[in-house]
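Undergrad: Below is a structure I'd like to ask you about.
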Amino acid sequence: MSKRYAVVLAAGQGTRMKSKLYKVLHPVCGKPMVEHVVDQISTLNVDKVVTIVGHGAEKVQEHLAGKSEFVKQEEQLGTAHAVLQAKAELAGKDGVTLVVCGDTPLIEASTMEALLKYHHEKRAKATILTTVIEDPTGYGRIIRDDLGIVEKIVEHKDATEKEQRISEINTGTYCFDNKALFEALENVSNDNVQGEYYLPDVIKILKDSDEVVAAYRMESFEESLGVNDRIALAEASKLMQRRINENHMRNGVTLVNPESTYIDIDVKIGQDTVIEPGVMLRGKTVIGDDCVVTSGSEIVNSVIGERVHVRTSSIFESKVGDDVQIGPYAHLRPESDIHDNVKIGNYVETKKAVVGEGTKLPHFIYMGDAEIGKNVNVGCGSIAVNYDGKNKAKTIIGDNVFVGCNSNLIAPVKVGDRAFIAAGSTITKDVPDDALGIARAKQDNKLGYAKHLNHGK
């Protein structure tokens, strides 16, 4: 098999986005659009990927580190000029080169593989990826002769009335014989209104040299959707989300209302898990089998075990074991590690907390910088007081401990195994194993005193 190369065009400034963020770094379902493109290319056994960068080059290189080589286009002088910047890396090499736009996040590896195969079958020097759309206004048209052979690409503004009625368009993705590409690029002129060097002119140069130019027509226009403004970004995100959600449903996940469920592309979900409407699953979240995530929940970069029930709660950068009940309205902040068979109830917040197997935090609890053992019960209103205004400190609770309601554990403090903390206590010293910790003022009843108080009656 001949060598394969790819050039990704990612140097455009994207002024229509009206954003400080470099255009191709705008995310589509949790991943920058240019990274979608490069990740798809990486599955094609490509020998080298060269990304042409311009504005925001450093940020693009950060995101694609290890996935691509980079060449900077100092001046944005058109698509042909952009590809020519890869001359030092690719010119003179045998093989074929894919040219793909970095702002087409929906393009799939299977389509590019089909393009490469068609290019090889036709023994072409260039093959254009095309598609047919109802309204081709603004797109370059593919002009074929009576035998269906490609004659040229005509830009919309230069097309005759007859040519404007053609619905087959140039998607901006190409496959070239690598040597022929770079030889032709040297002859591209900028004799046009914009004074730029355009890649479609390579097609004309090759045709004028009697080289074979082919066109592979793909089924779906959506793969070629280029993102140039926020409206197109929203459309691309919508189409990508539908693709992601349908893939999860095909793999055994129930999405009660897919249209209102947001799932990033790197999220993994196990079979027979049910995701209710209004759920957001972000980053590299992994959810096991047989879970339920109810409406209003957000889970970000977290690992969730099997048979977990998350009720209208937020989980960030945390780990949850099997058979755990969470919520409603719980908040697991980063570095929470919740073991199996734990109950995290309503209005419970954890942060940098390890919660041992079988432990119950039923409601209105804060546990930050805490290590909690197995089979512990923490009463309503209890707090691990971890911050003294300058420093954070740790609370350690052993196994089989009972913490009464409205208890304050002033860190650093350790509560031993099987200890009992009396309700309303403020614990400032360690509590030994099997001990009762109690720290509250003695109750004093003032008999008859209430008669002197004004109760408003």
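Even glycines carry a Cβ here, placed using N, Cα and C.
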Undergrad: Do you know which of Ala419, Ala423 Swiss-Prot groups with Asn386, Tyr387, Arg440 in the acetyl-CoA site?
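TA: Given Asn386, Tyr387, Arg440 bind acetyl-CoA in Swiss-Prot, the matching entry from Ala419, Ala423 is Ala423.
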Undergrad: Whole-number answer please: how many Å between the C-alpha atoms of Asp103 (Mg(2+) binding site) and Asn386 (acetyl-CoA binding site)?
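TA: With distance taken Cα to Cα, Asn386 (acetyl-CoA binding site) is 47 Å from Asp103 (Mg(2+) binding site).
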Undergrad: Cα of Arg440 (acetyl-CoA binding site) to Cα of Leu9 (UDP-N-acetyl-alpha-D-glucosamine binding site): how many Å, rounded?
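TA: With the alpha carbons as reference points, the distance is 69 Å.
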Undergrad: Just counting, how many other CB atoms are there within 10 A of the CB of Gly78 (UDP-N-acetyl-alpha-D-glucosamine binding site)?
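TA: Excluding its own Cβ, Gly78 (UDP-N-acetyl-alpha-D-glucosamine binding site) sees 20 Cβ atoms within 10 Å.
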Undergrad: Looking only at DSSP and grouping its letters into three states, which state does Lys23 (UDP-N-acetyl-alpha-D-glucosamine binding site) belong to?
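TA: Looking at the DSSP assignment, Lys23 (UDP-N-acetyl-alpha-D-glucosamine binding site) belongs to a helix.
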Undergrad: Give residue numbers and ranges for long-range contacts of the region 'Linker' (231-251): same chain, 6 or more residues beyond its ends, CB-CB under 8 A.
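TA: Sequence-remote neighbours of the region 'Linker' (231-251) are 17, 26, 28-29, 33, 36, 105-106, 222, 225, 258, 261-265, 267, 269, 271.
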Undergrad: Taking the residues Asn386, Tyr387, Ala423, Arg440, which the record names as binding acetyl-CoA, find the longest CA to CA distance and state it in Å to the nearest whole number.
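TA: Max Cα-Cα spread across the acetyl-CoA binders: 22 Å.
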Undergrad: When secondary structure is assigned with DSSP, how many helix, strand and coil residues does the region 'Linker' (231-251) contain?
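TA: Breakdown, helix to coil: 20 helix, 0 strand, 1 coil.
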